[in-house]
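> Next up is a structure, given as structure tokens.
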Amino acid sequence: MGRIRRAAAVAGLGITLLPRDGTEAWLAPNRRHAEVSGTFEAPPSMVETQWGSPYTYIPQVTVNEKAADFFFASVLESVAELPAEGQGGVEAGEGAEAGQGGEAAGPQPKACEALNADADRSHVFQTIQGIETEEACQNFCGQTKGCVAAILEGATCSLMRALRGVKEGSGILVVQTCDNSCFSQGRKLSSEGKSLGTANNANICQAMCQGEDGCIGFSWNRSSKECTSHPSEVGSAEDKASVSGPRDGCSLNVRPVDQAGKCTLQVDLTGDAGNHIEAPNVSTIEQCRRECLLDKDCKWFTFNEVTKICYHKKKVGNIAYGLKGDHTASRLCDASCLQKDVKFAGNAYKTLNVKYMQLCIYNCFIDGKCQRWSWDSKSTACNLFDGTGVADSSANQAGVWSGPKEGCAADTLYGREAPSCAVRGSRYGTIPISTQTVDNATLCQQQCQKSSMCEAFSYDIKGKVCYLHVAYAAKLKRANYNFISGPRQCAGCSTNGSEYSGKALQEMGSEVETAEECQLLCQATSGCEVYSFLGSACKLLGSGESKKNVLATSGVKYCTGVCDILGFRAPRREFGYALLLKGKSLEDCRKACSADQKCTNFTSWLNKECYIKDDQDHRMQEPIPEATSGWVSCSTCFRQGVGYKATEANLLWTLPSENAEECRQRCEVMESCGRFSYDAASKACSMLSGEGEEVQGENLVSGPPRCTRRDTCYQNGVSFTGGKAISEAKAASSQACQELCEKDAKCRFFTLASGKCSLFADDAALRPTKSDGAVSGNKRCILLEDICEESNIQYSSGDLDSPLTAKNSQECMALCYKDPQCRIWTYLVPEKQCLLKSITGFSNRAKATSQKKSGGRLGCARCTRAAIAFGGKELQTVSGLPHETVCQFACELNKKCKFFTFDQVSKSCKLFASDSERLPAENTVLSGPRRC
């Protein structure tokens, strides 16, 4: 048959080159082929077997490229003798490299077994005779799919699907693993529990949970030994006598994926017309096999490492010597759960003679009756068994391999409903931002897309629990064959065929499975702006130039719109800029905001109404399902997994926020906010005056108020003098000096002179002074927008200096903003004079002629929040004030006041010493801190 052009898939398998003109080859013994030109001679003394033994190296083997000789039938009595990569040796595993077919990988036993024990034997699904130690029995349980615990009695190891009725007996009870690193000591899960009986230790309790329907987490009491099943692993309370944890083991106790050797054949597996699908530009065998697993019709695949083409095959077909670089294998190539030197006893309903273990696995896989199989490498007998009764088996059967129908590890999950970019057999994170119950992984991803903060998900197939996470959870990825995980969206904004060049911040290997997972890691990594995924590598970069690479997929840290606030509107209240545009989609609305210099945020409606607005409008936020509010782009300067400890010294105030971008924006409108710390689980946004003690947390996100620093408040040729600097340091630029101020919780102003950066707190003696070469400025530069001035009002005391000249009240506000002591001002219209004042001037607020206007240094109080009222003991109530900005002045004047609440209807201003009590209120009620 002619060579069939082939197609792409994804998988992790071994490599051996096929004979071709002028190439080198590896040849297994006695694999002679008489019907091709060229000779295949090998020493007859070389041993043969399916897995693990070395081949004889044959240099410069010459063969006809068109040679096509052997045929694999659907049910084979004989099989072509072609070399399988890494296969040889009469005894399976003889000559294998260290670690293949040896002791189980993962945590070794830590004495978590129960001696003189027994349990309900009705849950036994396999017995293995000839087991001498409890470690060996534990390892068999760890590697065997479905086993939660085992009992070793004499030389018989009984594997159980569920653990019930633990009691005294003559056996040794073991569980999959003794790893307890994910247990919480002194904590009991909070959800309602169900007693599973008594357990000797917490690991045994965990095993009982694994076999219990509906159990997601467990609690075990050290005193009573009671084991309790819980429907959730999230949320716990202190209980010194308890230990709690998740249903699944903290780590896996399984054998290596390639414990039986590499499973690829050095050939092209062809077949009848229509037997293949071709996919080009596939980087690795691992990627090719993964694509095959995603294709329900793909049973075998061929990957050419030279052409980088992957071919999906629907069935076993003709085998031909292919091009240099061909590698062929079945979709089920993971050997981690296969039992070495173990043979199933009893009567097989079908026996085949197949010379490759892959074919035994394949024939069980395509046979609806088959549930398990055993293959003897000596006799080449493949025994297929149905699922009736307990599977009796015996160990120490040299050269025999046994296993389940559906394959091992994550291979079994590829038939499940899931997004195309999902990662099977892996769990992200440990502490979710929220959980929901859904029927499959696709619905779980959809729930993630409905959350304004969710960036990744993990779906528990067994418990049908959907865990929503921030991207940092992908850094905590661990193997768990009950889970499917993935990103918020598949192929959102990536570009195929391009790669970013430049110095990588971090580079990871095959543990990163998809381009979307690579993007998640970029989102979780501070400093990462772009990424490139090359199948076998994920590169994270701070910047880079894009170049062509057909094997690469690249993209930016965040796709447009992922930081939008879903189901919320931010309507304008009295002040601020808002423009209504009709007939605009969500993305059209975003573009309109980008094109408007005044726009900082927008609200888009399902009816295609678009409101583009400034920061003043974002004080109000109402939940409306038909609305989406957002920004032009998402900030990239966040740190995930790290926050700041809020203390009395640095905490300005805390607000609920739907995501980290909203939290950053609320920090940005506060001049005194130097850093924010956001908890994605509680939605608490802490605005801080500067950096504090760093704290680690899976759901913490922190960062500066802006990713790029403004310089609009810099005063050249001015020094702040008269006060005492709280800190001095060298700085190369005014931007660097301002950054030091921004990080310092006490700093409010800075001066850079002769390379020395001086930081100042609020100081009544601090005044601006002319100084050649110096640059001074505020902690942060704020854009002065709406003025929120009071007409016919004057502040008749608290003057700082002689009147200054100003063209209008806007210019007067700007002069106040540049003075470190100015808090309020009064503008004399006819005289064009600006009077700068300290906050004490507010004590003499009085009516004046229309020729006078008054206001504050920042204009409107943009840091207020609607629909929140403070409760508790009031310091003072001030009536008759026009709006919340003036109420804030009243709070600042009162030395004990830290927070205020203003009612726009009653014009009542209430002052409080703390925000310890918060109450929901009407949208006409606004609250805020002492100062923005």
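Glycine too: its Cβ is placed from the backbone N, Cα and C atoms.
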> Could you check which of 87-109, 179-201, 225-247 is flagged in TrEMBL as region 'Disordered'?
87-109
> Which of Cys737, Cys781, Cys788 is the other half of the disulfide bond that TrEMBL records for Cys757?
Cys737
> For the disulfide involving Cys713, grab the partner from Cys637, Cys663, Cys781, Cys788 as TrEMBL records it.
Cys781
> Would you mind checking which of Cys707, Cys747 shares a disulfide with Cys741 in TrEMBL?
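When TrEMBL is consulted, Cys741 turns out to be bridged to Cys747.
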> Translate the DSSP assignment of Cys737 (disulfide bond) into the three-state scheme.
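The residue in question, Cys737 (disulfide bond), is helix (DSSP, three-state).
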> Return the residues near Cys781 (disulfide bond) by Cβ distance under 8 Å, restricted to its own chain and a separation of at least 6 in sequence.
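Listed in sequence order, they are Arg709, Arg710, Asp711, Thr712, Cys713, Tyr714, Gln738.
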> Report the listed stretch (178-250, 707-781, 788-860) having the maximum count of Cβ pairs within less than 8 Å of the domain 'Apple' (421-490).
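Selected stretch: 178-250, with the most Cβ pairs under 8 Å.
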> What average pLDDT does the predicted model assign to the domain 'Apple' (263-337)?
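Overall, the domain 'Apple' (263-337) comes to a mean pLDDT of 82.
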> According to DSSP, collapsed to three classes, what secondary structure does Cys781 (disulfide bond) have?
coil
> Quick one: pull the CA-CA distance for Cys747 (disulfide bond) versus Cys737 (disulfide bond), whole Å only.
11
> I want to check the contact list for Cys737 (disulfide bond): same chain, sequence separation of six or more, C-beta distance under 8 angstroms. What comes out?
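Same-chain residues close to Cys737 (disulfide bond) (Cβ under 8 Å, separated by 6 or more) are Ala731, Phe750, Thr751, Leu752, Cys757, Val775.
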> Show which residues of the chain containing Cys741 (disulfide bond), separated from it by at least 6 in sequence, have their CB under 8 Å from its CB.
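In sequence order, the residues whose Cβ lies under 8 Å from that of Cys741 (disulfide bond) (at least 6 apart) are Gly674, Cys747, Arg748, Phe749, Phe750, Leu759, Lys779.
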> Count the residues of the domain 'Apple' (788-860) that DSSP assigns to helix (H, G, I), to strand (E, B) and to coil, and report the three numbers in that order.
16 helix, 26 strand, 31 coil
